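Colleague: Grabbed the feature section from TrEMBL, which reads as follows:
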TRANSMEM  6-27  transmembrane segment
TRANSMEM  39-58  transmembrane segment
TRANSMEM  78-99  transmembrane segment
TRANSMEM  106-125  transmembrane segment
TRANSMEM  131-151  transmembrane segment
TRANSMEM  172-189  transmembrane segment
TRANSMEM  201-223  transmembrane segment
Amino acid sequence: MATPGAESIWLWVGTLGMTVGTLYFVGRGRGVRDPEMQKFYIATIFITTIAAAMYLLMATGFGLTEVQVGNQTLDIYWARYADWVFTTPLLLFDLALLAGANRNTIATLVGLDVFMIVTGVIAAFEQVAAYRILWWGISTGALLVLLYVLVGTLSEQAREKSGEVAQLFSTLRNLMIFLWLLYPVVWILGTEGTIGVLPLYWETAAFMVLDLTAKVGFGVLLLRSRSVLEMATKPDMDATASA
Ligand SMILES: *C/C=C(C)/C=C/C=C(C)/C=C/C1=C(C)CCCC1(C)C
């Protein structure tokens, strides 16, 4: 086990931010009785709870390990992947729920997503530099297919929703596309990419900002209006509510 360096400041900021986000979402969810609506709150609260725990794990150094690549020793925060493998499917679940997606679409998105994170883990632990890049490419390929399903099938299903729901869906979808595309960029420029453009200190800061925006920011926008969530969960209200 390695000891975290100066970058631990960002990991503590991440822990705090995810904790505050969790408490805020718990507060927003109080008094929500409808089981369909509760799904949004449950998923969103789990997202930041898992992230808060994994940030704490990284800040305290348990979530950190070393990988030998040639004559380089890379500091790898493995707890990131333990976080992402659970939180990214939950984020997709939130968005799919808003879109009123069917089971097949949800399963496709989650399947692609888990494949993306698992191949990302292989990329992070691979000891041959060229193979790290190869697995990064495979993982990025999965991300691109996933985003294609988001703008295709999922957006089509969301189009049947009322104006405000469709509006919130496209805001969150666009935010997701923008943020998620930055993850492989930070990864390849950071220590994992072995080219060392972005030092660990700045890479950790970048992932922290991305994680907070993609989870807490996303959740704040999603849970902001209870009436929009009501419209999203009551199919019969859809057409009339916006008329
Ligand atoms: C809250 C955490 C989120 C939204 C994390 C998203 C992570 C990704 C989209 C990661 C993607 C990666 C690749 C596409 C290539 C390999 C490296 C990864 C795992 C960083």
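Cβ coordinates are placed from backbone N, Cα and C, and glycine is handled just like the others.
Nobody curates TrEMBL annotations by hand; they come from automatic prediction.
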Colleague: Mark yes when the transmembrane segment (78-99) and the transmembrane segment (201-223) have three or more Cβ pairs under 8 Å (sequence separation 6 or more) and no when they do not.
Modeller: yes
Colleague: Checking distant contacts: for the transmembrane segment (78-99), what same-chain residues at least six beyond its ends satisfy Cβ-Cβ under 8 A?
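Modeller: Sequence-distant neighbours of the transmembrane segment (78-99): 39-40, 43-44, 46-47, 50-51, 54-55, 57-58, 62-65, 105-106, 109-110, 113-114, 116-118, 120-121, 124-125, 150, 154-155, 157-158, 161, 165, 168-169, 172-173, 176, 207, 211, 214-215, 218, 222, 232.
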